[in-house]
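For reference, TrEMBL has these:
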DOMAIN    328-456  domain 'GGDEF'
TRANSMEM  22-41  transmembrane segment
TRANSMEM  53-74  transmembrane segment
TRANSMEM  86-105  transmembrane segment
TRANSMEM  125-146  transmembrane segment
TRANSMEM  158-176  transmembrane segment
TRANSMEM  196-217  transmembrane segment
TRANSMEM  229-251  transmembrane segment
TRANSMEM  257-281  transmembrane segment
Amino acid sequence: MITVPFHHDLGAVRGFLRFSRAAALLDCATALVVLAGWWSQRPLLTTMWPGQPAMSATAAVGFVLCGGSLLLSHHPVPSWSGMGRWLSLGVLALGAATLAEHLWLVDLRIDRLLGELSAYDSGRWPGRMAEPVAAGFVLLGALGLLPARRWPRLRDALALVALVIAMSGLASYGIALAGKGATPFGRMPLHSTLLLLLATLGWLCASPTLGLTRVATADTLGGALARRLLLPALLLPAVFAFVFELLQSWLGLPEALAFVFVALFSGGAVAGLVWWVANLFDKLERQRRESIALRNDAGTDILTGLPNRRALDEALAGLLRGQREHDTTFSLLMLDLDRFKTFNDDFGHLAGDQVLRITGHLLRAALRPADMAARYGGEEFVLLLPGTDLSGASEVAARLLDAFRGFAWPQCTVTVSIGMAQAVAGDAAEDLIRRADGSLYDAKRGGRDRAVAAIAPPEVLRPGAFPRAVSGS
């Protein structure tokens, strides 16, 4: 069984790595702006817009550590990437301590770093991050600590849980806007949710040839589809929920009418994805056809339309491999146009080219679909007949001799001489061609317009194995 090696799209790999670095920088920059807002007591810098929940100072510190760890993971110097693991340990510890505060209702005073803002929810511990954000930090810290090559499946599982938290926060954000309940996800500040999503995707993209992103960076149709559809598939549920609540709470539309608009929006989004995928399929199909055309051109003789020497060598190697591994039978015929040089001298090279084109047509017409006729060079052609012994090859040769004799040639009758050889155990390509070429020489010396079978090597001679001439009907 032939195993096709797995190849990555190098452009996609580089793009994933660039995205990972950009995600790390954006996480750090956004969190630093939030910390500046806490330090300077400017609530506007800690929220997405006025009136919305602020990112806590501890969450901002966690995102700075997380972004720094992600950025250092790309550093080629091991000592720097080791520093990144220490930052990840800090992220994990911060998230775990905050979860402990929520679970056991204790105050470890880690959420009183920079004081309290009135913009933050009253009635809760001042400055404390929401439970899902703390859980996300535990997961992000673990992602940074686990080596990607040693624990790919565990890292993928942790990343999926972090994605679920981030997507749940986005999907419930519209409900929180409408004031229809205070769920743990609804208490997550929007920019915390977005940074959590960004950091998780950044860690996934930091190892683009491993785990979940391995398929997404493949140079296959599946890889191209994953790169185009995964991110929209992640974001669409949140967008739908947001649009639905926006239509109801902000525009005051009745629920039934809001459902109608959301249905229209959903249909348009799906139609857009279908068009996007169709456009991708169209592009890939055109590239595939161009590749096939180039490959065919590389293996085709332009004048006769038959496979060329390169394609013949590949096909012959495959038949010999099958003969060695599975003891299959096949024969090789070497065919030469009789007195072709004289024909060119008498009628010109254009007429000779026409004869070569007609020869290609006659060979294709006389063979089975599984057989192969190739131009070997000049006026010589080679035929490969899978599953055919010398007896069957002789029948094919007789059919070809009759076809050339019976064709209405424009200038004068063109005949061929044929040498036949059957592959035997231990044959190399040169051995088989040498025997067929020797038989072709015997056919020429015997008067042309005939086919001669090669004698098998002495070690495989059987009673009755001898050269024989085929003259056609």
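Please read every residue number as a count from 1 along the shown chain.
Glycine too: its Cβ is placed from the backbone N, Cα and C atoms.
Contact counts against the transmembrane segment (53-74), taken as Cβ pairs under 8 Å, peak for 22-41 among the stretches 22-41, 86-105, 196-217. Count of Cβ pairs under 8 Å against the transmembrane segment (22-41): among 86-105, 125-146, 196-217, the largest is for 196-217. Note on the transmembrane segment (86-105): residues 58, 61-62, 65-66, 68-69, 72, 111, 125, 128-129, 131, 133-145 of its chain, located 6 or more positions outside it, place their CB under 8 angstroms from a CB of the stretch. Note on the domain 'GGDEF' (328-456): DSSP counts are 60 helix, 31 strand, 38 coil.
Using a Cβ-Cβ cut-off under 8 Å and counting only residues 6 or more beyond its ends in the same chain, the transmembrane segment (125-146) has close neighbours at 55-59, 62, 66, 69-70, 73, 84-85, 87-96, 98-99, 101-102, 107, 111-117, 154-155, 158-159, 161-162, 165-166, 168-169, 184-185, 187-189, 192, 196, 199-200, 203.
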